[in-house]
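Marked as region 'Disordered' by TrEMBL: 72-96, 242-272. Here TrEMBL flags 140-165, 185-206, 218-236, 287-304, 352-371, 377-396 as transmembrane segment.
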């Protein structure tokens with residue numbers, strides 16, 4: 001069947017000629033019937049699969065942060081390491097087992113390129129069709145695994161982390177903008193997929209290294225994920241059919257409060273001319289009551305993850321320092337996955353509550369790092385799961401609320417703009433975690 005490239009408001013979709021598109025039914029991530037010759041989940045479950053593949057390399061690099069900075073390599077590049085090896089202190093004068101550089105350095109390398117991409121995206125990224133963006137994202141993800149796996153210095157490894165950041169940032173902006181052409185229910189599916197990426201990425205890195213595989217070979221074994229990303233987009237994704245993008249969940253119009261007055265926008269065609277600067281500014285101001293809480297949530301949780309995880313070291317346990325760090329990352333991602341998949345069960349409109357709780361979480365763990373009053377690592381495990389639940393809930397509810405309160409012609413811009421929130425919060429946390437690490441590691 002011949003294909004033609006169709007521009008859909010500055011983005012390219014591949015639509016088969018003469019092929020009738022199916023309607024997406026309500027909140028489900030599946031469709032009852034898919035186009036002929038395509039897999040059943042091609043048009044309905046794409047947000048979950050693409051969300052998983054897009055965030056996978058980003059998560060793996062954070063899970064490997066302790067290994068990257070301690071530069072774990074086995075003699076002779078053997079394929080296995082001893083998972084129960086005794087930890088060696090990098091700073092014997094400190095009561096913490098500190099790396100010379102904080103894991104926040106990996107966080108910054110993994111987030112600053114994403115921040116630049118998201119800051120520039122609303123200004124002109126829409127001029128580039130979706131397909132080249134996705135291709136670039138996949139290539140960068142594969143390059144990140146290869147560069148970190150074969151590097152022989154921390155500097156080269158951090159360059160590989162930068163590639164993972166470019167991949168994740170470009171992909172997130174692209175796919176969140178792409179949701180503007182599908183039912184609003186796909187936001188829940190996308191969030192569930194990104195949460196799954198966190199859990200699968202952290203769990204696979206933990207499991208393979210715990211089983212005895214070296215960090216290098218663990219990274220090389222993950223090269224199939226970027227290939228799956230490209231295959232999912234170019235081979236499985238179908239175009240949206242003519243449908244009400246609000247879906248069944250929008251049956252109560254009174255529950256939505258538009259970000260801007262829609263009286264003037266009603267007269268405009270759905271996906272017509274580009275938004276003016278005045279319209280963009282108006283939409284941005286309407287987003288602030290969602291952007292600010294999400295910035296605070298991500299600031300607090302990543303300050304914990306990359307600033308405090310390394311310092312929450314328990315010597316009276318069978319886990320080594322590196323293994324404790326990997327367990328922290330995995331449990332955090334498990335909490336994120338659970339809450340990002342909870343939108344159908346629980347919806348939170350006042351996301352500032354989640355920001356307040358996450359900041360209290362940060363304060364509590366910061367006091368514990370200073371005073372070391374928690375008796376067991378298992379208490380920290382529970383707190384970290386709770387931290388992940390707050391972060392995942394903030395993410396999925398923020399984007400769901402924005403999708404519900406934005407008119408069709410503004411939604412693509414609103415989603416691309418709002419996704420800067422988490423990146424900004426993470427970047428600020430990394431900048432502050434670096435000096436905190438140096439200060440605490442100098443304590444005797």
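For all residues, glycine too, the Cβ spot is worked out from N, Cα and C.
Spatially, the transmembrane segment (218-236) is not adjacent to the transmembrane segment (377-396); fewer than three Cβ-Cβ distances between them are under 8 Å for residues at least 6 apart in sequence.
Residues 24, 26-29, 45, 47-60, 63-64, 175-176, 179, 218, 222, 247-249, 326-327, 329-330, 332-334, 336-341, 343-344, 392, 395-396, 399-400, 403 of the same chain, all 6+ positions outside the transmembrane segment (185-206), place their C-beta atoms under 8 angstroms from a C-beta of that stretch.
Residues 107, 259, 332, 351-352, 354-355, 358-359, 361-362, 365, 384, 387-388, 390-391, 394-395, 398, 401-402, 414, 417-418, 420-426, 428-430, 432-433 of the same chain sit 6 or more residues outside the transmembrane segment (287-304) yet have a Cβ under 8 Å from a Cβ within it.
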